[in-house]
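A quick write-up on the structure given underneath.
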Amino acid sequence: MQSLGASEMNKVMSNKLMITLYIFPALFLIAVLIIVPLILTGYYGLMDWNGIGSMTFIGMENYINAIQDGAFWDSAWHSLLLALFSTLSLVIYLAVSMILASKIKGADLLRKIYLIPMLLSSVAIAQLWIKVYNPANGILNTILRGIGIENPPAWLANPDVVLYAIFIPILWQYAGFYILIYYAALKNIPESLIESARIDGANPLQIAYKIKLPLIMGVVKVTVVLAIVGSLKYFDLIYVMTGGGPSGSSEVMASYMYDLAFSTNNFGYGSAIGFLLLIITLVVTVIIRKLTASKEDIQY
Amino acid sequence: MKKMKAVTFLAAGCATAMVITGCNSESSGSGDGGGDGEQKTIEFMHLWPEGSSKDHYDIVNEIIADYEEQNPDTKVELEVLSNEQYKEKLQVTSTSGELPDVGMTWPGGFLEPYVEGEMFAPLDDVLDEDGLRDSYVEGTTEAYEMDGSTYGLPLELNVAQVFYNSAIFDEYNLEEPETYEELEEIVSTLQENDVAPIALGNQDRWTGSLWYMYMADRLGEDNLLNQAINGEASFTEEPLVNAAEKTQNLASSGAFTQGFNGLSDQEAKSMFMSEQAAMYLIATWDLPNYTTDESVSQDFRDAVDYFDFPTVEGKGNQNSYVGGPGVGLFVSEESDVKEESKDFVKYFSEEWGEKSVSDAGVIPATKVNTDNVDLPDMYLEVLEDLNNADNLTLFADVQMSPDVAETHLTAIQSLFGEEITPEEFAEMHDEAIEEDE
């Protein structure tokens with residue numbers, strides 16, 4: 001009775017047939033569920049199609065229209081704004097998790113509280129915040145009136161503030177997720193490193209900035225990509241809370257795509273927008289990876 | 001002996017096989033079973049599950065049972081799905097060519113792709129038989145018309161009415177207005193007394209559209225609004241711009257609940273029902289809330305009444321309504337049992353009218369003789385109104401193609417929010433309609 005030795009393991013792993021066999025199930029699922037629909041979406045974008053009847057090939061017309069479509073670029077701008085705010089908010093999450101990871105009283109309880117929004121479904125969160133923002137009876141305006149502000153804004157009705165009003169629950173919704181990731185990463189830093197830094201006379205800020213942050217930089221980079229990609233394709237709260245309104249002032253790329261495909265039965269054009277959304281997201285991801293790439297991970 | 005057994009066994013087996021294939025041919029309707037007892041099966045898909053729409057569900061079953069009794073050769077096979085799943089399944093089966101023989105569709109924009117794809121059968125022959133067409137309320141079957149043929153038999157009809165809380169009206173000595181100018185006075189009286197005059201949830205946009213539609217229907221007299229929607233007239237004509245301006249003025253005067261563009265219709269409804277607003281323009285699908293629904297307080301139900309939208313600047317006719325049929329029955333063009341299906345939908349629409357209003361509180365698209373039914377007064381009034389209706393202006397988003405409707409709805413929200421002028425509002429419509437053609 002001998003267990004599989006390292007050399008035998010290598011033998012199996014260099015067998016082409018074995019490699020194929022092992023990766024096939026995952027590859028098959030990804031191909032069928034993701035790659036093929038992606039290609040089909042790009043293909044539908046070349047069609048004039050209402051989703052039900054027959055398709056007519058119209059070449060690049062949908063894509064050209066999309067590029068000249070002011071409403072699309074407005075929605076893209078809103079998505080980029082969301083990406084920007086999501087990324088900036090990561091700094092706050094990082095600070096919070098640094099505090100939680102240092103041994104303070106009640107950190108355990110706080111960590112759980114921060115995680116609550118993640119446990120709620122998006123629709124429940126949307127309903128909750130619709131109530132909060134209700135211009136007449138909502139808790140927010142009631143408080144504002146209580147402290148003497150006579151005409152608090154109608155948060156979801158005013159085209160100038162609606163986008164930012166929706167950003168708040170979106171950021172709140174994901175706070176727990178990022179805090180959890182940072183917390184786990186920070187807990188992985190060996191206590192001895194911090195101990196020796198302290199002996200060398202580093203103050204807590206220096207420890208945070210010079211020791212902890214560089215050590216979890218890899219994780220930070222991942223969260224930046226997650227936040228940006230997640231923002232660019234964001235849909236749920238916006239769809240439930242305003243449907244992109246009033247007058248398109250809270251429309252993002254994904255909700256615009258949905259409106260085109262399902263409200264106006266314009267599947268061809270909707271697919272083209274969807275494909276552009278994919279391309280924009282891809283390009284931004286590549287840029288972010290390039291910008292955050294460093295020669296090597298820092299190890300102490 | 002053994003051989004005999006084998007033969008009988010074979011025979012029995014054959015019989016079983018025949019029964020099974022017989023069943024198959026029934027469901028596919030190709031009918032190669034032959035003989036006297038040949039059964040045809042009509043597949044019927046509807047969207048009123050027992051759980052959420054029990055009254056509707058029961059009426060459907062009742063009608064089917066009666067029909068099967070009268071037509072022993074025909075069997076109706078039911079498939080019941082809830083609203084969203086229904087829409088999805090319809091779309092999926094349409095692309096794979098497996099539509100049910102009979103099903104339900106919505107009028108206007110929803111119908112369009114199915115008709116263009118030649119998936120629904122024209123039902124004019126059914127309507128012309130026994131004068132069925134005349135039994136419908138003016139304007140309802142027209143909603144299912146495309147290129148001169150009718151593709152659906154409407155079941156439900158909803159018209160918009162201004163519901164109001166008579167307790168609040170009495171408190172300030174207000175009476176039902178007959179002119180828009182009177183309505184404006186009511187609004188300012190209520191405002192002076194710090195009562196929100198009108199509940200409006202314009203996040204859903206079609207709610208605000210109702211106000212504009214009525215205003216344009218009244219000011220545009222002689223069908224100017226419908227002509228404009230059909231591209232035969234321009235939205236920039238003076239009466240229609242005036243309608244947009246009046247609507248915008250009403251919104252900016254604070255007649256509607258604060259922040260209406262961010263409120264959903266559901267929220268507006270709850271404000272009206274919790275007596276925080278005096279009036280609420282909504283379609284008659286809300287009638288049960290104000291009459292039969294036991295979960296709403298009796299006091300409130302007693303207090304609610306409605307009035308027809310008033311005339312504006314002395315123009316228009318109060319017997320003209322903005323409304324639209326809800327779902328209607330279609331017959332699949334590809335159906336193997338098309339004739340039987342047509343016979344069934346005819347029978348169904350004839351039976352549906354009185355049953356639906358008395359058992360489920362649905363206002364049917366067919367005229368109902370109010371002497372025969374036992375209903376709350378408000379229902380009788382509405383039915384009476386519909387029997388006397390001179391005109392039905394279809395809901396804008398039903399009447400317009402999906403693209404134009406989207407432009408219209410967005411423009412409505414901007415008009416109410418004072419982001420565009422009435423003139424720009426008119427131009428947006430003209431442009432969208434022109435582009436669509």
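Including glycine, each Cβ sits where the backbone N, Cα and C put it.
TrEMBL does not curate its annotations; it predicts them automatically.
Per TrEMBL, transmembrane segment is recorded for A:21-46 (among others). Remote same-chain partners of the transmembrane segment (A:21-46), defined as residues 6 or more beyond its termini with a Cβ less than 8 Å from a stretch Cβ, comprise 55, 57-60, 62-63, 267-269, 271-272, 274-275, 278.
According to TrEMBL, the feature domain 'ABC transmembrane type-1' maps to A:76-288.
For A:80-101 (among others), the entry in TrEMBL reads transmembrane segment.
Beyond the transmembrane segment (A:113-130), the same-chain residues lying 6 or more positions past its ends with a Cβ under 8 Å from any Cβ of the stretch are 96, 156, 168-169, 172-177, 179-180, 236-237, 240-241. Summarising the annotation, TrEMBL assigns transmembrane segment to A:113-130 (among others).
Nonlocal intrachain contacts for the transmembrane segment (A:161-185), taken as residues 6+ away from its ends with a CB within less than 8 angstroms of a stretch CB, comprise 78, 81-82, 85-86, 89-90, 93-94, 96-98, 100-101, 111, 114-118, 120, 122, 125-126, 128-129, 133, 153, 155, 216, 219-220, 222-223, 227, 230, 234, 237-238, 241-242, 245-246, 249-250. The transmembrane segment annotation in TrEMBL covers A:161-185 (among others).
Within the same chain, residues 79-80, 82-83, 85-87, 89-90, 94, 170, 174, 178, 181-182, 185-186, 188-189, 193, 252-255, 258, 277, 280-281, 284-285, 288-289, 292, 294, 297-298, 300 sit at least 6 positions outside the transmembrane segment (A:215-235) and bring their C-beta atoms closer than 8 Å to a C-beta of that stretch. TrEMBL lists A:215-235 (among others) with the feature transmembrane segment.
As annotated by TrEMBL, transmembrane segment applies to A:267-288 (among others).
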Cβ-Cβ under 8 Å with the transmembrane segment (A:80-101): same-chain residues at least 6 beyond its ends: 107, 110-111, 114, 163, 167, 170-171, 174-175, 178-179, 182-183, 186-187, 208, 212-213, 220, 223-224, 227-228, 230-232, 234, 252, 284
